[in-house]
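A.B. asks: Dumping what TrEMBL says about this protein:
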| type | residues | note |
| --- | --- | --- |
| BINDING | N73, S112, K160 | 4-amino-2-methyl-5-(diphosphooxymethyl)pyrimidine binding site |
| BINDING | D74, D93 | Mg(2+) binding site |
| DOMAIN | 10-210 | domain 'Thiamine phosphate synthase/TenI' |
| REGION | 249-270 | region 'Disordered' |
Amino acid sequence: MPRPPLDLSVYLVTDTALCGGPDGVVTTVRDAVAAGVTVVQLRDPDASEADFIALGRALASELAGTGVPLIVNDRVHLVDVIGAHGAHVGQGDLSIAEARRLLGPDKLLGLSVSSPAQVAAASRIPSSMTDTPCESAPGPIEHGVLDYLGAQSLHATGTKPEAGEVGLNVIAACAAASPLPVVAIGGVKASDAADLRRVGIDGMAVVSAICGQPDVTAATRALVQAWANAQPGVNSTVTPPPRHVNVLLTRPEGAEEGSYTAPRPVQEDR
């Protein structure tokens, strides 16, 4: 079974406290998806496993038939238990190879990055597990190991203060270096859409811009509209660096191993 389609445009990361509890998360997700959210990530690091599973299953039921994928933050081993579409891990979490082994070939997998160096490290993961077999792989995997990257943090944020703030220029550099779609996170607001789209970001991941808002529908629609109105190449204060990525691919004859630089085509409106 192929992985579900992935539209990163407006990516909601849940916060149980901001939503007023698990029931509030379900209501927030329902209203946000109806208003245009394209991905939902369940994040609740303080929840017990039982409570996390219960909330995850409630969200999976809520999202059934909507075409919006449910992503589980960190707890990769619970993806199938919940009935989610994939997982998202950080730099200090489970290794990508192990996460993909647990998920199998048909689930989505995202990774947090906060620098071009981390993007480069992620880019060195084979685009197919059959290109360079991994000892922990459960056999040939036809799709890429990773599906997208989450670049953090655009702004300092109270929902994840340990992530710090890297600013738009570093977010832009991450997008320029990535062969994968990149979603920006960290205090992202509707007013950031023009700059983010200008520098090649594929979507906005938000927490407090939706969770805890007095009118979730209106807040979500503002984000969706801002992203739709933002045009690549305009309304930005940042000039993005050229898009390229140093990644081991099939080398031209005579080129040394690891030396080939593969340009990434610029996609003006992804």
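Glycine is treated like the rest: Cβ placed from N, Cα and C.
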A.B. asks: With DSSP assignments reduced to helix, strand and coil, which class does N73 (4-amino-2-methyl-5-(diphosphooxymethyl)pyrimidine binding site) get?
C.D. replies: strand
A.B. asks: Counting across all protein chains present, how many other Cβ atoms fall within 10 Å of the Cβ of D93 (Mg(2+) binding site)?
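C.D. replies: Cβ-Cβ neighbours of D93 (Mg(2+) binding site) within 10 Å number 17.
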A.B. asks: State the three-class DSSP label for D93 (Mg(2+) binding site), counting H, G and I as helix, E and B as strand, and everything else as coil.
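C.D. replies: Once the DSSP labels are grouped into three classes, D93 (Mg(2+) binding site) ends up as coil.
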A.B. asks: Taking the Cβ of N73 (4-amino-2-methyl-5-(diphosphooxymethyl)pyrimidine binding site) as the reference point, list residues of the same chain whose Cβ is under 8 angstroms away and which are at least six residues distant in sequence.
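C.D. replies: In sequence order, the residues whose Cβ lies under 8 Å from that of N73 (4-amino-2-methyl-5-(diphosphooxymethyl)pyrimidine binding site) (at least 6 apart) are V13, Q41, L42, R43, D44, P45, A87, H88.
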A.B. asks: Tell me, how many other CB atoms lie within 10 A of the CB of D74 (Mg(2+) binding site), whichever protein chain they belong to?
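C.D. replies: The answer is 19.
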A.B. asks: How many whole Å apart are the CA atoms of D93 (Mg(2+) binding site) and S112 (4-amino-2-methyl-5-(diphosphooxymethyl)pyrimidine binding site)?
C.D. replies: 10
A.B. asks: When a 10 Å sphere is centred on the Cβ of S112 (4-amino-2-methyl-5-(diphosphooxymethyl)pyrimidine binding site), how many other Cβ atoms does it contain?
C.D. replies: 22
